[in-house]
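Under the heading transmembrane segment, TrEMBL lists 6-21, 33-52, 139-158, 178-197, 217-235, 409-428, 455-478, 499-521, 556-575. Positions annotated as coiled coil by TrEMBL: 256-283. Sequence annotations record features per position, and here TrEMBL assigns region 'Disordered' to 608-657, 682-740. If you look up TrEMBL, you'll see 615-637 marked as compositional bias 'Basic and acidic residues'. Here TrEMBL flags 686-698 as compositional bias 'Acidic residues'. The annotation compositional bias 'Polar residues' is assigned in TrEMBL to 705-720.
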Amino acid sequence: MSVAPLAVEVICVFCLAAYLLHKYGNIRRQHVLVTLASLVAWYFSMIIIFILPLDVSTTFYKICLGSIQPPVTPAAILSPPTNATPHANHTYTDAPSSINTTVNDDQSLVRRDALFDTPTCQVPWSYVQEHVLPNMWHVVYWTSQILTWLILPFMQSYATSGDFTIQGKIKTALIENAIYYGSYLLIFGALLIYVAARPDLQIDGPRLKMIGITASNTWGLFLLVLLLGYGLVEVPRKCWTSSNREQLLAYTRFQVAKLSTDKSDTEETLEDILEEVSKASEAIRYNHPHRKYMDTILRKVPEDMQGRLNRGMDDYEDYPDGRSASIPSEKDLVALHRKTIRAVTSQHRTQIQWDILMERAFGLEDIAESEKCADRRFRSTFPQHYTGILKHICTPTVEWYWKCLVRPWVLKVLTVILAIFSFVVIWSEVTFFNKKPVLSLFAIFINVAAQNYDYFYIELASCLTITYLCVCVYFTVFRIRIFNYYYIAPYHQTDSNSLLFSGMLLCRLTPPLCLNFLGMIHLDKHVTGNEDQEIETAYTSIMGHMDVISFLSDGFYIYYPILVIVVALGTFFSVGNRCLGLLGFQQFIGDDDMTSDLIEEGKEMIKREKRKRQRVEDGEARRKSWRDRYGTTKDRVGSLQNRDASDSDSGRGSMKSGALYGKAKYSRVNDKDDSAQVELLKDSEPLDYDDSLAENEEFDRAKYTRSQAGRSSRQTTGSRWTGGRGYGSQAPPKGLFDDV
């Protein structure tokens, strides 16, 4: 018995949550409260996934101890003791429940052999004291529930509110969450009325707590089954599609064409809103009381678009025809502020998606071209520059074998494994309520491991199962179109709103998912109906049972998960996509004419984007070659000044002064020649080699190349690249208290 495994898991899960938050979020740009809330939400949701297997193995050990009698010695077989007190540290063995005192020698020998052959209850390697896990579940569960139902939704609305005061932001957040909180209160109120109408039940503190937990689990389970049914089919299908390069390339081109429409719409919307911002800024001069609100709105505008805005730094002026400028009210500025935040966020999100799709398309086209190479060397249009040991490992030959030969087969094998896993999950969801015979495959596997006291296998199988369930559920969340407003992007490109939304869903869906898993392995007797089982997990003891609401405990929680097979079959035959296609929505259907047209359109867009990025790459290469050969203009002027200073200090009189004048004149002639060369180069390629413009072009290159912006050490200015609309050196908005 040791707390070391539990402590190691707690620390490792915290490091994993912090790493993921660092990878997807931008800690330097987002507010500290957003970072803290997201970290706690992600950490507590992940810790449930990794600590629950320890609780499962401990529960099986307690079941083993509870199913045996006090230790029996061979001498006590014929006369068993009546008052036997087991030692606290004794290792128990299974013993007969009753022993007859009048037995012959053969019967005693058989019973003695059976006794010595009975295995012992081995202590799990991760076993901890009984009070540790319940106390941990109390903290984790109630903290995650407070986050998901109160704090995170409020922070989301607060961060996107257009008000300029704390009171205004709080009021707007409460109004926006009224419908959201109302759905939960409606379920809670209905359950409360049901309990109050029953004469055999009295409403007290524990029952109110159980009603609240039931309402939360009902909401989560209702959404969980729908998301899980889609993900169990779509995750293996996605893996299989990734193994087929041609199909994946066609799907990527389709996504490019589809996303280009959204990208154009968001850019046009942002342009229209910036025009409104410019008019408002022109009307509100620097000495107007509302100017501070206008400056707050201007700070939300991307840096590369601020040059076209009117700053309104002049005094009040009338229009030439005598009309006065219409000054927006504070209410109008609040609405404009909110629209600006949403437009900038939407444009940033679509730009990130566009860059990711382009990188994927370029990589797939490189694989298609490299497969034709006889020398088996991978050729990339935009090669990655590896450093350190990766430079010697990731050679073109190794890269060719991995991307063109090995990875497709690895993905196909992984698809088969995931498909089998999905079938086992669906079968267990449909049959887990059947107690005799046990049909749930997860229950059979876990019980066999428990009989062999293989606690490590129990914990590993439980962890892998819960992780796969979570992957299927959260894959669906960020795949469905209705949730496209929230997008998780790597390389620090996820906005604060999406981080809060992901943390909220993790906290809301993980508890009912874990309860569903405990039902599948038959460790929740109130779900499986196994009343003979008296020992349950510490997690179930904290969550409680739904006996207070019988129609939920005996009906909804048992039979509603069967609906997962209906959703899975509909997803397998693409019923939803075909229905949306008939309604006019663009869906990827292989035998559809609209799909073929969009694939060709996406192919042309990828070609144009590739040519654009290649021009940027070629321009940078020429500029670098120019610098290496001639240096910058400042370097040549500094060198000339140093020569002049050294010659003037030599004290050679007027003759030397005349020579110095001639040298300077000759240098000016050379400068003219250099200027002529620069002009000729400008005529051949519209690039300026001045240092400031070179820096701007470096920013453009970072704008078009996501991989180097996220991974290259030559990144322009840290977090300056933000998917094409960066904040540059200007301090970006923090999201919560920057406006007040």
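Just so it is clear, glycine is given a Cβ too, placed from its N, Cα and C backbone atoms.
Between the transmembrane segment (217-235) and the transmembrane segment (139-158) there are fewer than 3 Cβ pairs closer than 8 Å, counting only residues 6 or more apart in sequence, so the two stretches are not in contact. Counting same-chain residues at least six beyond the ends of the transmembrane segment (499-521), those with a Cβ under 8 angstroms from any Cβ of the stretch are 21, 24-25, 30, 34, 37-38, 40-42, 44-46, 48-49, 52, 56, 141, 144-145, 147-149, 152-153, 155-156, 159, 216-217, 219-221, 223-224, 227, 428-429, 432-433, 440, 442-443, 446, 462, 465-466, 469-470, 473-474, 477, 486, 488, 527-528, 537, 539-540, 543, 557, 561. In summary, the transmembrane segment (33-52) lies against the transmembrane segment (455-478): three or more C-beta pairs, each 6 or more positions apart in sequence, are under 8 Å. Here the transmembrane segment (455-478) has Cβ contacts under 8 Å with residues 49-50, 52-54, 56-57, 60-61, 122, 124-126, 224, 227-228, 230-232, 234-235, 238, 418, 421-422, 425, 442, 445-446, 449, 486-488, 502, 505-506, 509-510, 513-514, 516-517, 521 of the same chain, all six or more residues outside its ends.
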